[in-house]
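Student: Quick one: structure below, then a few questions.
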Amino acid sequence: MNDHHLNHRIINNINASSSSSSSSSPVQTNININSANNTNNNNNNNNNNNNNNNNNNNNIDNKWKKNLYEKQPYSDNYTDETFLIGLVQNANFIKYDFWTVVLDSFTVSQQITSVILFAIIFFHSLKHTLTLPFLVAMAGGFLVLGYIAIIIIDPSANFLSIRSSFLHIILLFGTVYGLSPVLRTLTNSFSDDTIWALTFILLLAHLFFHDYGYTNNESQKFSAPVSLNAAIFASVLLGSRLPSNIHVFVLISYAIETFALFPIFRHHLKRHSMELHVGLTVILCVTCSLLLLGMSKLLALIYIGIIGTITFVCPLWLIFIQKYKNEINGPWDEASVISQSGGEF
């Protein structure tokens, strides 16, 4: 009886332990499954991070470079968004002021007026409306007054001594006087129409190639060989139409004073005083207008129209078209070599 009872207790304990183990095994299984899932997720995240790093490295390696010597995975006509990163527009842009441009245009008006005054002197010499002594006195007076005026308005200028200057003047005009007979007959065989046409072309060339920057004080050395030679040659052509050697000498003397010496005088005058520069322009234009009016009203009107256009219309036009200026600079430009003094070659 006791043995039967003991066996029954053992069987109950075994069943209890079996049921206990059966009830706890699903929990353990769930824990193991969750651990496995977490491990897989971590592995996937690591793989994604590695893929992102690889993509970033590939993007860095494949980034477009402005190199012609390196092969890149881009088409020949590909334009990257960083291509124009170094573009600079209108870096040297200078906004012009109307009255400043007008004052600078006076230099052109003065030169045109000087050419016309020279032609007027030739016309009066040809028609004998001005006497020869008056022409000689006027040429000598202009030379002396101009030399004295430069000394007064610009004492710092580097001039030769008075004695040396007069020696140079005597030598120059003495040479012209000695060559006057040759110059008078040099083109004597040319027809009048040829002389007028060649003179007109040469005087136009003189105006186009004149050194206007020197008169406007943009340079300190008068350099206009083509312009000066064209004007002197034009005076030689006109001299062949005059009646005497003295007339030729006076005309070429005027040419030297007008085309070689007068720009130097105007350069020093403007550097000394802008008011004197404006006053000289007004005097020249008024004198030329009155002289042309005595010859022909049409010529006077044409002259006034040309001077008015150059002085007022052209500056307005220049300022108007400034808004269309588009100067492009960038790293593709040629390198500028800078000298030790700071200027560019």
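In case you wondered, yes, glycine gets a Cβ from its N, Cα and C as well.
So Swiss-Prot lists these for the protein:
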- 13-62: region 'Disordered' (REGION)
- 13-61: compositional bias 'Low complexity' (COMPBIAS)
- 106-126: transmembrane segment (TRANSMEM)
- 133-153: transmembrane segment (TRANSMEM)
- 159-179: transmembrane segment (TRANSMEM)
- 194-214: transmembrane segment (TRANSMEM)
- 222-242: transmembrane segment (TRANSMEM)
- 245-265: transmembrane segment (TRANSMEM)
- 276-296: transmembrane segment (TRANSMEM)
- 301-321: transmembrane segment (TRANSMEM)
Student: With pairs fewer than 6 apart in sequence excluded, do the transmembrane segment (301-321) and the transmembrane segment (133-153) have three or more C-beta pairs that lie under 8 Å?
Tutor: no
Student: Could you name the stretch, out of 194-214, 276-296, 301-321, with the greatest number of CB pairs under 8 A to the transmembrane segment (245-265)?
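Tutor: When the Cβ pairs under 8 Å are tallied, 194-214 comes out ahead.
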Student: Cβ under 8 Å, sequence separation of at least 6 from the ends of the transmembrane segment (106-126): give me the contacting residues as numbers and ranges.
Tutor: 135, 203, 206-207, 210, 212, 215-216, 231, 235, 238, 241-242, 247, 250-251, 254-255, 258-259, 262-263, 266, 270, 277-278, 280-281, 284-285, 287-288, 291-292, 295, 303, 306-307, 310-311
